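The structure appears below as structure tokens.
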Amino acid sequence: MNPRRKKRLTLAVALIAGVAAVASLLLYALNSNLNLFYTPYEIVNGKNDTGVMPEVGQRIRVGGMVTVGSMKRDPNSLHVEFAVHDSAGGEIIVTYDDLLPDLFREGQGIVAQGVLVESGKLEASEVLAKHDENYMPPEVAEAMGQKHEKLDYSEQKPSEGYQY
Amino acid sequence: MWKWLNSYADPERSYKLAGTFLPWFVCLAIALIGVGTTWGLLFAPMDYQQGDSFRIIYIHVPAASMSMAAYMGMATASFIGIVWQIKAADWAAASIAPIGAVITFIALFTGAAWGKPMWGTWWVWDARLTSELVLLFLYLGVIALYASFEDKVLAARAAGILAIVGVINIPIIKYSVDWWSSLHQPATIKITEKSTMTGDMLYPLLINIVGFGMMIGAITLVRFRAEVLARNGMRPWVRELATQEVSK
């Protein structure tokens, strides 16, 4: 390899290494701000890494599983109320006055955006259904559902972080 | 081996080599995408939760994964072009960029079209969606830089540096769903463990992913040949080629 080529190679590799270092430091610093939502546990007990707790009146997103059996529907309006929990054991109540997405059901992962009206209660202005990475035909799902609850993620270990 | 590889840096030889590969890429792309898409859209079973809407996966996932693969290809070509100053590598990088931008746009668009009925929103600023959008801007930046210099040696160097710097975005896209909480689901196809999808849904998807790769390869070869001709218009072998075409 001639010296000029060597110099260019060193420069190019140094450029990549430098940019990688800058980017990883930046992402590390921003880490908790890049999360799309709080988990119910974090709303009750503060964020896992910083301990920051959302204040009442703050606009936040919460992500978790809709607790089975917690859904309450007002018969005269669109008003619904349900609990959202996570694997770490946190649970908060979400109220909502609009149409729910197709995938919404008890046991499903959702992300709700809204205002924290009191500690542990969120008045949502938007509810999004979160799909998981599992795809299967209905027959397979039925067969699996008899053995174990596919949609209940509450048995996940908290150490793995919150993901569904 | 080094000498043998270097001989293909010659514009005329790389032009002819691209011409030899082209029909293979085209045939494979048509065959694989034909089989994968027909199988996926018509014969694969529907999903237990999403019904038939999940079938957009047969376009979305190949487009998204190939948008990252094409970027790696472009950045590698740029790296070779900058370090070894091989012009053919610069031209290859320049010919990948527009097709990469289009395929990234397809991934973003199909994702949004699926997100509206499934999630309930077209767009959300979570880590995966945002980093994929950054990838589109990187492609557009490379295209714009390459087009904005009259001197194409200088243009390739400027665009190449941007392409190499942008490589950092690829692992961020890939792992964004694992590192941060996002609305986008984690990866379904896993290399080290069992994929969370049944085989009759998975195989057409894999076929389509390879098919999209072949399609990008084929379009890149066509664009590469055009780029070689455009940059060597004054060379005798190109003139000879042109007179042959005219007299035909």
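Yeah, the Cβs are placed from backbone N, Cα and C, and that goes for glycine too.
In TrEMBL this protein carries:
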TOPO_DOM  A:1-8  topological domain 'Cytoplasmic'
TOPO_DOM  A:30-164  topological domain 'Extracellular'
BINDING   A:His131, A:Tyr135  heme binding site
REGION    A:138-164  region 'Disordered'
COMPBIAS  A:145-158  compositional bias 'Basic and acidic residues'
Legend entry - Local confidence of the prediction over the topological domain 'Extracellular' (A:30-164), expressed as mean pLDDT: 77
Inset, instruction - According to DSSP, folded down to helix, strand and coil, what is A:His131 (heme binding site)? - result: coil
Legend entry - Least surrounded among the binding-site residues, given as A:His131, A:Tyr135, when other CB atoms within 10 Å are counted: A:His131
Inset, instruction - Tally the residues of the topological domain 'Extracellular' (A:30-164) by DSSP class, grouping H, G and I as helix, E and B as strand, and everything else as coil. - result: 24 helix, 44 strand, 67 coil
Legend entry - Composition by DSSP (helix, strand, coil) of residues within the topological domain 'Cytoplasmic' (A:1-8): 6 helix, 0 strand, 2 coil
